[in-house]
Amino acid sequence: MTSPSNARIGSSASGKMLDIALILAITIASLLCLAPMVHILALSLSGNSAIMAGKVTLIPLDIDFTAYKAVFGNAQMIRSLGFTIGMVSLYTVIAMALTIIAAYPLTKKHLKGRDFFLFVIVVTMFFSGGMIPEYLNVKNLNLLDSIWAMVLPGAINAFYLLIVKTFFSSIPAELEESARMDGASQFRILTSIILPLSLPVLATISLFYAVGRWNGFMDALLYITNSNLYPLQLRLYEMVMNSQVNSMLEGIGTTVPVPESLKAASIMFATIPILLVYPWLQRYFVSGMMIGAVKG
Amino acid sequence: MAITTKPVRRTAPRLPFRSLLRDWQLYILILVPLAFFVTFKYVPMFGAVIAFKDYNIFKGIWGSPWVGFETFKEIFQMQGFYLALRNTFMLNLLDLLVSFPLPILLAIVLNELRIQWFKRGAQMVLYLPHFISWVIIGGIAIQLFATNTGIVNNVLKSLNLEAIPFLTEPVYWVFTYLGIGIWQSAGWGTIIYLAALTGINKDLYEAADVDGASRLRKIWHITLPGIKPTIIILLIINIGHMASIGFDRPFVLSNPLVTDVSEVISTYVYKTGIQSARYTIATAIGLFQAVIGLIFLLSADLISRKVNDQGIW
C-alpha cells in the first residue's frame, strides 16, 4: 500500500514541494466533494430570512430547527422512512437468499446442466426486456402498487451472484467431504459449512443490495402510484424536484412553494442514514469492488 | 470394483436420471432462482416482441396482431426520437471526454501521497458521492445552481457578476450535467486504478531511484505504463456502453426548459411508454437502442481482443 517511491528521496527540496502540491490538490478535491453537502446542512439549519437573503453558504445562520421539526412531524415523510427501511430489509433478505441458493449449486462442477444454468444467468447481464416490457410484466403479474414491485424484479443481480459463486468455489472441497461422509444434506453443508466461511463476502454483497435498493428510484417511479407506498427517494423527488420545477416555471404550479430550509432538511433526512453507515462500511464496498474488478 | 468413489461416479451415469437422483437437492436449490430469472428477466425479454405487434392491453401480448416493422418505420419519423438518440450519444461522448481522465489523475496523485492517514481520509471523502442517490444529487443541484436562489449564483451576484442559468440554458445545463457526473464518480473511479497500481513491480521504482530519476519521471515511465492496460480496457468498455444511458441522472437533472439537450433515450421511453401509454412505440425505441448498444458492445469486445488479446468479459 505504501507508495514505492517513498523510501528514499524524501529529503530533496523539489520532492517536498511536490508533496505539498499533491496534498493541496487532494485537499481541494475533498473539499469540493463535501462542500455541497455542508451547504445543504447549513441551509437546513438556517432561518428563512437569512436563506432568502442568500447569505447562507457553509455555516448555518440564525440557527433554527423548524425545518427538522417539520420533517419529523410530517407523517408522510416518517411513513416513507419506515416503509423504506422495511422494504430494503425485505429486499436484502430475499435477494441474499436467492443469490446464495443459486450460487451454491453452480460451484459443483459435476452438476449436470450447470453450464446451461450459468448461461441463462449470464445472458441477463447483457440483455434485458427494456423498461416497457418489464413494466408490462410487473403489471401482468398484478404487482403494480405493491411492495413486491420493488422487491422481486431486481431480486437477483447476476453480477453479484457470480462474485458469491467465485467465493464459494474458493472454499476447499475437503471441508465438505467429511460432512458428506456423515450424511449431511446439501442444504446442511451450505448452511453449516459454506455460509459461516463466507461471511465477509456475504456482508459485502448484502450492503451492495441494500444501498442499491435504498437509493433506487426508477422502479418506484414506474410501479408505485399509491402515495402510501412511496419510498423515501420518490417522496423526496415529489417534494424537492417537482415543486422546484413548478416554481422555476414562474409559479404555474398549484402547490404551495416549499421553503428552501424544508427542502434542505428533507434532503438531509434521506441522506443521513447513508452518511451514518458509510464510514463503517466503506472498506467492505471497496473490497467488494475489488473482487468485482478482478472477476470482470 | 467400486473401491474409490470418484472414478466410478464419473463413468456411472449411463441412466439419464442418475445425476438427478444424486444431485436432486442441488436442483431443488437452484430451481427457485431459475424460476426468478424466467419470470422477471426472460418473460420481459420475449415480451419485447410487442415492438412488432399492434399491442392491445385487452388482447395481451400473444393475442395482439403482428405488424412487422411498421412501428419502427413510425419511430424513424419521430423528431423526438432523433433528438433523444443524438443527446444520448452527445452526453455519453462528452462524459467520456471529461469524466474518463480524471480518475486516472486522481489515482496517481493518491498513490503518491506519503501520509497514510491523510490518504485514507481523502479516499473516504472522495468515494462518498458515489453512495448518494441521484434524487438527492438532483435536489442538491437545484439548491446549488438555481438561477435565483442557488448559492453559486448568490455568490456571483454578490461579486457583481451576472447570474449563470446553470440549469435552465441548454449549453450551461450540459456543463452542469458533466460537472455533477465528475463530482459523483471521479473518486469512486480511482479504485480500479489504485488496485492496478498495487500490482506494479516495486523493483522498477528502486532501480529508477538508483538511476536518480525524479518522481515525475517515475510516474511517467513506470506508473503510467503500469496502469496502461487497465486504462485501455476501461476505455474500450466505456466506448462499448456509448449507446446506453442510465435513467436517473438525466431524469432528475432535467427540466422542461432544457429538454432539447436533456431528453435521452431512457427518459424518452419513459415519457412515451409510461406517461403516454404508447407501449408499442416505446418498446420499439428501447429495442432499437438495445440493438445499437449490442453492436457497440460487440465491436468493443472485438477491438479489445485485437488490442489486449482478451475480451471485455
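Placement of Cβ uses the backbone N, Cα and C atoms for every residue, glycine included.
On a predicted model such as this, the values are computed, not experimentally measured, just so you know.
Record features (TrEMBL):
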type     : residues  : note
DOMAIN   : B:85-300  : domain 'ABC transmembrane type-1'
TRANSMEM : B:24-43   : transmembrane segment
TRANSMEM : B:89-110  : transmembrane segment
TRANSMEM : B:131-151 : transmembrane segment
TRANSMEM : B:171-196 : transmembrane segment
TRANSMEM : B:226-247 : transmembrane segment
TRANSMEM : B:279-298 : transmembrane segment
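The stretch from B:24-43, B:89-110, B:131-151, B:226-247, B:279-298 that makes the most Cβ contacts under 8 Å with the transmembrane segment (B:171-196) is B:89-110. Listed by sequence, the residues of this chain that lie at least six past the ends of the transmembrane segment (B:226-247) yet keep a Cβ under 8 A from its Cβ atoms are 88-89, 91-93, 96, 100, 104, 107, 192-193, 196-197, 199-200, 204, 264-267, 270, 289, 292-293, 295-297, 299-301, 303-304, 307-308, 310, 312. Under 8 Å from some Cβ of the transmembrane segment (B:279-298) lie the Cβ atoms of residues 48, 50-51, 53-55, 57, 71-72, 74-75, 78, 81, 84-85, 88, 239-244, 265, 268-270, 272-273, 312, all in the same chain and six or more residues away from its ends.
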